[in-house]
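Novice: Here's the feature list from TrEMBL:
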REGION    69-96  region 'Disordered'
COMPBIAS  78-93  compositional bias 'Low complexity'
COILED    103-137  coiled coil
COMPBIAS  138-152  compositional bias 'Low complexity'
REGION    138-184  region 'Disordered'
COMPBIAS  153-166  compositional bias 'Polar residues'
COMPBIAS  169-184  compositional bias 'Acidic residues'
DOMAIN    180-204  domain 'Elongation factor 1 beta central acidic region eukaryote'
Amino acid sequence: MSAVDFLAKEKIWFDKPRYDEAERRFYEHMNGSPQPTKDAGANTILQDIARARENIQKSLAGLKTTLCNRGSAQPPISQHSQLSTGSSISSSSADHGELVSRVKSLELENQSLHKVVENLRAALSKLECRVAVLEKSPAAVSQASAPAPSVPYTNGTAVQQKTSTPAKEEEEEDDDDIDLFGSDEDEEAEKLKEQRLKEYAEKKAKKPAIIAKSSILLDVKPWDDETDMAKLEECVRSVQADGLLWGTSKLVPVGYGIKKLQIACVVEDDKVGTDMLEEEITKFEDYVQSVDVAAFNKI
């Protein structure tokens, strides 16, 4: 509640100063002791104060009338009503949240029930299929469980009945068709088969075999910077073997004025290996300190 509303509803005696002034003058008049000593300045101040009070009273009266009119149009909301509305809003929001949670739980239950129903339907369809298969099979089962035919007896001895099956008859017919001495057609088929095998072997022998080759890059290091690198390269290239072909070479600086010989070669994997090359090159102990494989690639 604002200060203006409070002042409008309170009962204040705004005219008290006027009544006090009138009472003072009345007693002065009755006592016969007026105070003519007041100067004109004090009278003007009192008049200004009285005018200000009158203006305040008029403004408050107008404000009071406007507030009364508004109050008649829309009654003011009390603090108790505000609290009641706030509590009702909070309770309604709590009820709404509870309803939402219940709806979500019901939806989850509905989904789980749908899954259970689908599983039951699948199981039921499987059972129906199995029942249909079992209904079709009783005829075969009855044939299998049928009793064996009775064997007649004559003079206390059982007489064996002849039972012939189509399979036995076919075997007998095949035995009759066997030619123990062979035929000319079989000999011709064997000769043709041998001829074709021989031609295939010849064609396979004529095809060139694939030779596996590799490209190797070797690093040959000398003992010091005074080693004759031309002589070292000559020694390396003097290593010859079947399936070995030397390629390009170059000198690569290592440090402190020392250079190493980097030389490439192509070898056949079945004939030449890296171990053999290292052994042959390191035999030149006067020039070669070590041999390393810098690169090894299949061709």
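Glycine residues also receive a Cβ, built from the backbone N, Cα and C atoms like all the rest.
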Novice: Report the DSSP secondary-structure composition of the domain 'Elongation factor 1 beta central acidic region eukaryote' (180-204) as helix, strand and coil residue counts.
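Specialist: Tallying H, G and I as helix, E and B as strand, the rest coil: 21 helix, 0 strand, 4 coil.
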Novice: Give residue numbers and ranges for long-range contacts of the domain 'Elongation factor 1 beta central acidic region eukaryote' (180-204): same chain, 6 or more residues beyond its ends, CB-CB under 8 A.
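Specialist: Distant contacts of the domain 'Elongation factor 1 beta central acidic region eukaryote' (180-204): none.
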